[in-house]
Each structure stands twice: as structure tokens, then as C-alpha cells.
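Report on the following structure.
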Amino acid sequence: MPASGAGYAGGSIVPDGRTLVNCRDLHKARDAYQLRDIEATRAAHSLDLYRELTGDHKENHTNTSSDYVKAVVFGGLDGIVTIFAIVAGCVGADLSCSQVLMVGLGNLLADAISMGFGEYVSAAAEKDFVEAEKQREEWEVENCPEEEKREMVEIYTEKYGFSRADAQSMVDITFKYKKFFVQHMMVEELGLMYGFDEPTPIKRGLVMFTAFCFFGLLPLAGFIGWVAAFGLGAEADMAFLMACVVSIMTLFILGFSKGKFVGQNPTKSACLMAMNGGCAGTVAYGVGSLLQLVVGANLTAA
């Protein structure tokens, strides 16, 4: 910790030791920005004021939860679009409900494992790389302090338009707090974030796997119910209609959530995601139907 007692955990330092990310409500700040509501923005930047105005006395923990929300939303979108397209292609090829289920469930499990493992590998590699760069920067700050300070002076003057005197003063002050200086340098020089309370690679992989499985299972739910009611040889048309309704509705909800999460227009994001799923399903159905016609014609000719 810095000698002054001011804390740093990935946000901007404030006088009482909290970080900026902990003394404001980021979700409320984003909502206020969407509405261009100045008073709501001011309230969101003061957690105490926000609680006084709303009566909400719960602690605000945004860093880790945001990572989980991201994994759930994007993993869910991948899962439902992928499996819905597979289901549509199978129905277009005139497969029975049981055949659609076999193909769909097999792909669901395989794709979920692939997505979860890919997220784990990607997160682990990113974490290792950032840690290695942090250790290098710490070594350089310890052994080549003047060179590191000069780099930051150049960044302030060239990137942000500081005068050389102000840049030098800024560097001299921040260099007293080595942990802050290293983290700040990693952001400005390397574009790397370090010091946030992020989920472990294993947790990120498991969340991605679970989200893909859960949302990917929704297009198959109608087929599971249809087979349970009418047997393995049941026609797939009505089950596919149910899958279409469930999938498009879920895509709309996930798209809306994605828009809220990334600060886009939620309704526009919802419509785009629903359109994406609809287009993927339509193309897959068309290809399946075409292949069924070609294969059927060849079998008849034979």
C-alpha cells in the first residue's frame, strides 16, 4: 500500500482511501448517461448520495459481477444461435424429432466444452501475459527509474498535451507510489489492465460452459417435450415452431441485456440479436432443405 494510506485496487485513488469504482454506482452512471440526466449522474458518482436518495444501502460490487454478466450474455448468445441454427438445418433436412435431438444434444455438449475450455485457455494466457508484463515493469522501475519516468513524461506531453513542466511534476508525484505508477504505466504504455478483482480462468470457463449449455438447450426444449408426448418418431414441425418462438424471445431478452451491459440502445441491440438468430436459422433451414432435395433426388434416381 502507498505510504499515505490511500488504497488502489484498479480504480482512481480518492482521498479517503476508496477507489472510484467503489464510490460510485457504475450501472446507475451508465443509465444516467443514456438519459443524459446530469443530476442522476452526479448522484451515481456519489454512492452515499445515491443511497440517501434511493434508500438502497447495499454494497456495490461491480468488477467481478460485470465479468460474470459478460460471460453469461455472450456465452448464452453463442449457445442459442448455434444450436438454433443446427436445429433449423436438421428440420430443413426433414429429420425426425429423435434425430434432431441426437444431433442437437451432441453438438450442444461438444460446443459447450469447446467454448468453456477456449474461455479458460484465453483467460489463463491473458492473465499470465499481464502478470509477466507487470513483473517486467516492476523490474524496470526498480533498476531503470529515470528511463521509466522519461517514458511517462513523453506519454503525457505527446498523448495528452501536457506541458513538459506539468508532465514532469505529475511523474515525480506518482512515482512516489510505486504500485500505482506500475499499474498506470501498464495502462498508458501497454494498454493492459491490472489489479482488478477478476474471476479466475477456471471460473470464467465454467460460467461460459454453463451459459452455453443452458441457453443452447432452449431450442431443444420443444423437441424434448414433443418426443415425451408423442414418441421418438414424432414429426418435428410443431416442435420446431415452438423452438423458433422460444429462441427468438430469448435472443431478444439477451440482446436487450447485452445492450444494457455495453451501453448501447437496448431495444436496438435486442432487435439485432433476434434478427441475427432469425437469419442464421433461415439460412440453415434453407441449406438443409436444399440438401434433402438433392440427396432425395439422387436416391430416387438410383
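From the backbone N, Cα and C atoms, a Cβ is placed for every residue, glycine too.
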Among E119, E126, E189, the candidate listed by Swiss-Prot alongside E137, E140, E148, E151 for Fe cation 1 is E189
When you measure from the Cβ of M185 (Fe cation 2 binding site), which residues in the chain that are at least 6 apart have a Cβ under 8 Å away? E137, V141, E148, E151, M152
Look at the binding-site residues E140, E148, E151, E189 and tell me which residue has the greatest number of other C-beta atoms within 10 angstroms of its C-beta. E148
Is the topological domain 'Cytoplasmic' (257-276) packed against any residues at least 6 beyond its ends, judged by a Cβ distance under 8 Å, and which are they? 30, 33-34, 66, 69-70, 73-74, 77, 81, 248, 251
Cβ atoms near E137 (Fe cation 1 binding site) (within 10 Å, other residues, all chains): 20
Setting E137, E148, E151, M185 aside, what same-chain residues sit with their Cβ within 8 Å of the center of the Cβ atoms that define the Fe cation 2 site, listed in sequence order? E140, V141, K149, M152, F181, V182, M186, E189
